[in-house]
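**Q** Sharing a structure with you now.
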Number of protein chains: 2
Amino acid sequence: MINIIQDNINEYIQIIKNRANTVQSDVSIVVEKILKDIKVNGDNAVLNYTKKFDSQNITNLKVSKEEIKNAYTKVDDEFVNALKLAKENIKSYHKKQVQNSYITTKNEIVMGQVIRGLETVGIYVPGGTAAYPSSVLMNAIPASVAKVDKLVMVTPPLEDGSINANILVAADIAGVDEIYKVGGAQAVAALAYGTESIPKVDKIVGPGNIYVATAKKMVFGNVDIDMIAGPSEILIISDKNGNEKYIAADLMSQAEHDILASSILVTTSMDLAKKVKSELKNQVQYLSRKEIIEKSLNNFGAIIVVENIDEAIKIANIIAPEHLELMINEPFIYLNEIKNAGSIFLGYYSPEPLGDYFAGPNHVLPTSGTAKFFSPLSVDDFIKKSSYLYYSKNALNKVKEPIIKLADTEGLTAHANSIKVRFDL
Amino acid sequence: MINIIQDNINEYIQIIKNRANTVQSDVSIVVEKILKDIKVNGDNAVLNYTKKFDSQNITNLKVSKEEIKNAYTKVDDEFVNALKLAKENIKSYHKKQVQNSYITTKNEIVMGQVIRGLETVGIYVPGGTAAYPSSVLMNAIPASVAKVDKLVMVTPPLEDGSINANILVAADIAGVDEIYKVGGAQAVAALAYGTESIPKVDKIVGPGNIYVATAKKMVFGNVDIDMIAGPSEILIISDKNGNEKYIAADLMSQAEHDILASSILVTTSMDLAKKVKSELKNQVQYLSRKEIIEKSLNNFGAIIVVENIDEAIKIANIIAPEHLELMINEPFIYLNEIKNAGSIFLGYYSPEPLGDYFAGPNHVLPTSGTAKFFSPLSVDDFIKKSSYLYYSKNALNKVKEPIIKLADTEGLTAHANSIKVRFDL
C-alpha cells in the first residue's frame, strides 16, 4: 500500500508536485455565469441556486438567533468544552502575531504606519462531510484577534434547510457575527458583491470545493482572498529510534483527508521503514476512512530511506510540506534547518492532530509546496496598513533638490512641479 | 478640464471604481502561449521573444558587471546622490516593519513562529518611458530588509541591446544581485519556471503592462506575486485655508501618470474649488505631459464640494484612494478617521512626490479602492512564516480527551487514532 524508495527520489517528488495540476475549464464557465447572475439579481439568484443545489426548504437566508440557541441542545457538553479549550489556545497563540502601529518623529518629520483590522470578512464553511467545526475556529479567531469589525459566515444548508449544529455552535463560540445559508460559487459571489441581505465583504477566507476555489480566484482583486489551497501533505522525519506505531498513525491522519493527500516518511533506517509499512497495514483495518487512506498512501505516499538526517531535511526543504513532523530525540537542534514548511511538529508527542484541533497554531497552512512563499493563516491576513508622513516646510526645503532631480530624471515634470510651486522655483 | 460637483457624488464614485474594468481575453491567449513556450523551451524561447519584441542585439541575457560599471559613467553625480539619500530613508522606514520570530514555553509546551526572508525574489522593471529608478528602490529595499537571499531583476533591453543606465545604477544601489535583459510575459514565465540561465524565484513583484500583469496572475500559486495594480488615485482634502497652487500641482502630479489616473479634490470651500480649477489651467501649460494630464482630469478628475471635513473623510473612506493628502491646518487630528487609504500625506508641505521618491514609506500602494483590504508593499511581503509546536508526553496526556472528541465529532477517526496509539487507548 506504500512504497519504500531509495533511488529516483526526484521522480517521486515530481509526482507529488504535479498531483494538483488538473485544469477544469468547464468549471470556469459555470462559475462565471453564477457570479454574473448574483451580481445582477442579488438575493433572488442566491435563493434560486440554493434551492437548486442544496435545499428546497429555504426562505430566510440568515440564520436566526433561535437556530443558534437550538443548535446547543443538539450537541454534547464535552464537545462544547473541547471547542472552548481549543478557542483559548488558538486565541492566545495568535495574540503574539498582533503587529502594532508605529510612529517616528525627527527633525520636523513625522512618519508611521497605521494598522487596522479589516472591516468585514467572509468565512466560507463547506457543507456535508467536510463541515469541520475546527476550521471555523481556525478562520474566525485570527480575524477576531485582528479586530475585524464584522465576521460573516456562509455555509450551504442541509436538505431540510438547517445548518449542521456542530458548525453553528463553533461559529457562535468563535465569535462569528452573522451566518447565511448559502454555499458554492453563489456564496462567494454574494460576499464579493453584496446582495440585499448578505453584506459585501473585504476578504473571503476558508476552504471549499473546485467551484468555490474557482469563484474565489475570479473575485480576487474585487475583494481579497486567502491562499489558494491544494491537496495537503505530511512529511515525517525519523531515525532508528522512531516509533512505528506513532509514525503509521500520523501518516494516516493526513491520508484520510483526501485521496490526493500525500503522506511521506523520510527515515535513516530501513528497519523502521519496513516496520512502519507493516504497521500501516495493521492499523488501517480499524479506521473508518480505510479506502481513502489506502488510495492516498498507494498513489502519493512514500517511505524514503536516506543516509542521514541532513539528507532528510534537504528533501523536506525541497518538498516544502504543509506539515512536518521531526520525530527524533532532539528535534530543536534541527528547527533552524527547516527552511520550508507550513507547521513543524517536534518530538514524539506532538502529532499533527494536536495542531489541527487544539494547540494554538493555525491549521490553515500552505499546501503543495507553497510553503516556500506562503505562510500559515495568521492575524496578518486580517489587517490592512496605511503609511503616513508629515514634513514641515523647513524639512521639505532641505530635501527639495534630490526630489526634483529624481522626478526630472524620470521625465515626470508634474512631480517636480509639485515641489517647485511650494518654493516658487 | 475638471468638473466641480456637489450632487450625484455616488455616480462619480461609480465612474472611478469602474474605470479599470476592461477584460481583454485576447491578451490571455497570447500570454498563455508564451508561458508554455518558456516552460518547455527555456532560454531559447526567452531569446526568441526578446529578439522579436525588444532587440535583435541580444546574445547574453545576463547583465555583466562591466555593463553596470559603465552605467555609472552615463549618469550624473547628483542623480546618484539623490538615489543614495532616498535609499537610506526607505531602508530606515522599512526596518520598523521587521517582524521577529517568537517562542513561548509553559507547562512542558513549546510553541512559536519562525520568520524568514524568501529565498529568491524577482523584480520586474518596465522598459521605455515607464522605466522608473524609484520603483527599483521601492521594490528591492524592503526585500533586502527582509533578508531575501537572492534578488533578481528583469527588464526589457533597449533596441541596441543595452539597459537604461538609470535603472542599472538604481538596481546596483538597491542591492539587486542579478539582472536579466528580458521583459513582458516571457520575463514573468522565466522567473516562474526558471530557465538554463534565469533562476526560478519564489515571488515576482513590480509593475508592468497588461501582458506582464496577466502573466503574473496566471503564474500565481506556482509562485507568489505582489498585489494586482490598477490605475492610481490621489484624493486631496482641504478647507478654505488650502493653497490652490499646491493643490493644483499635486493633483497633476498624479494625473501625469496615466489617462486612467484619478485626481480628486474634496473641499469645504466653493471659492477654493474655483481657484484650483483656474490654477490647473494655468500650471498645465508648462508641463511636459500636458495631454495626459488634461485627459485624466477631464475623464476621471473631480472637485467635490462638501459641507464639512467629516463628510470629506467619509468620501475618502468610500473611495479608498491610493494617495490621500490632508491639506488642512491640523491634519493629525483626523489621521485616525482615515480607515481606507494606501498612503496619507499630512499638511501643506508633504506632497505626494515626497513619498513617491524620497521620504521612506513605500510608493507601491493599493490602487483602485483596494486599500480597503490591500496594504502598501512592505517587508511583510518578502517573508515566509512557519509555526512550530512541541508537547511533552505529559502535556499531551492532559489534553488527549478534547482532541479525540473533536476528531471523532468531525468523523476523522485516523486523527483520533494518532492520539490514541500514543496512550494505548
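Positions of Cβ are set from backbone N, Cα and C atoms, glycine also.
Model, not experiment: these values are computed from the prediction.
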**Q** Select one of B:Asp172, B:Asp177, B:Asp356: the residue that TrEMBL places in the substrate site alongside B:Ser232, B:Gln254, B:His257, B:His323, B:Glu410, B:His415.
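**A** Looking at B:Asp172, B:Asp177, B:Asp356, the one TrEMBL places in the substrate site next to B:Ser232, B:Gln254, B:His257, B:His323, B:Glu410, B:His415 is B:Asp356.
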**Q** Taking DSSP three-state, what's B:Gln186 (NAD(+) binding site) in: helix, strand or coil?
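**A** Helix, per DSSP.
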**Q** I need the least crowded one of these binding-site residues (B:Gln186, B:Asn209, B:Ser232, B:Gln254), counting other C-beta atoms within 10 angstroms of each C-beta.
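**A** Candidates: the binding-site residues B:Gln186, B:Asn209, B:Ser232, B:Gln254. Fewest Cβ atoms within 10 Å: B:Asn209.
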**Q** Excluding B:Tyr124, B:Gln186, B:Asn209, please set out which residues of the same chain place their CB within 8 Å of the center of the CB atoms of the NAD(+) site, keeping sequence order.
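**A** For the NAD(+) site the neighbour list reads B:Pro126, B:Val154, B:Pro156, B:Gly183, B:Gly184, B:Ala185, B:Ala187, B:Val188, B:Gly208, B:Tyr211, B:Val212, B:Ala215.
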**Q** Sub-8 Å Cβ contact with chain A: please pick out which of the binding-site residues B:Gln186, B:His323, B:Asp356, B:Glu410, B:His415 have it.
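**A** Checking chain A against the binding-site residues, the residues within range (Cβ-Cβ under 8 Å) are B:Asp356, B:Glu410, B:His415.
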**Q** For B:Asp356 (substrate binding site), just count the other CB atoms lying within 10 A of its CB, please.
**A** 28
**Q** List the Cα distance (Å, whole number) between B:His323 (substrate binding site) and B:Asn209 (NAD(+) binding site).
**A** 21
**Q** Looking at the recorded positions B:Glu322, B:Glu410, which sits with the largest number of other Cβ atoms within 10 Å of its Cβ?
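**A** When each Cβ's neighbours within 10 Å are tallied, B:Glu322 leads.
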